[in-house]
């Protein structure tokens, strides 16, 4: 009986979360020094920051959106969020191989190149998530940025 009640509750939670209208969701400022969430353009050596941009000579596509952020800058919660654990962009470790899984406003997304204050808990809009890691150590000359990637790998641009 307990299992049935638990299953029913979980099913109801999933159904309710699917009914959330995300069409009006907009990210608040992500990074100190970039209150307008300016997107990274193109770097000669490293490509462009838009969703779908070519990577590795056309072998793959960029699966996120890059928002300009200086190395060491504070990264903020764009709206009320739940912190859902660590997310890493690379298989091999390096100075920027950190990030966090988040959810809020009916969205599930990841922020890469961020050292979070915590990997769990909740934050209100505008509270500090963490600090941008030193991108220049790994990609000298790139426009430093936070990489925003939806959990389902869809295009996050409409939320900015």
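Using the three backbone atoms N, Cα and C, a Cβ is placed for every residue, glycine included.
Per TrEMBL, signal peptide is recorded for 1-18. Summarising the annotation, TrEMBL assigns disulfide bond to 31-69, 42-48, 108-151. Residues or ranges marked as Zn(2+) binding site by TrEMBL: 62, 66, 147.
Where TrEMBL records a feature, it is marked here on the structure.
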residue : record              : Cβ within 10 Å
31      : disulfide bond      : 23
42      : disulfide bond      : 12
48      : disulfide bond      : 16
62      : Zn(2+) binding site : 17
66      : Zn(2+) binding site : 27
69      : disulfide bond      : 28
108     : disulfide bond      : 14
147     : Zn(2+) binding site : 24
151     : disulfide bond      : 14
- Query: Rounded to an integer, what is the Cα-Cα distance in Å between residue 108 (disulfide bond) and residue 31 (disulfide bond)?
  - Reply: 19
- Query: Closest to residue 42 (disulfide bond): which of the recorded positions 62, 66, 69, 151, going by Cα position?
  - Reply: 66
- Other than 62, 66, 147, which residues of the same chain sit close to Zn(2+)? List them in sequence order, counting a residue when its Cβ is within 8 Å of the Cβ centroid of the site. 40, 49, 50, 51, 53, 63, 64, 65, 112, 145, 148, 149
- Considering only the disulfide-bonded residues 31, 48, 69, which residue has the minimal Cα-Cα separation from residue 62 (Zn(2+) binding site)? 48
- Note on the structure: Quick note, residue 66 (Zn(2+) binding site) and residue 48 (disulfide bond): C-alpha atoms separated, nearest Å, by 9
- Task: Give me the Cα-Cα distance between residue 48 (disulfide bond) and residue 31 (disulfide bond), rounded to a whole Å.
- Result: 19
- Alpha-carbon spacing, residue 69 (disulfide bond) to residue 147 (Zn(2+) binding site), which is rounded to whole Å: 10
- Here the Cα-Cα span from residue 151 (disulfide bond) to residue 31 (disulfide bond), rounded to a whole number of angstrom, reaches 20
- Query: Where residue 31 (disulfide bond) and residue 147 (Zn(2+) binding site) are concerned, what is their Cα separation in Å, rounded?
  - Reply: 11
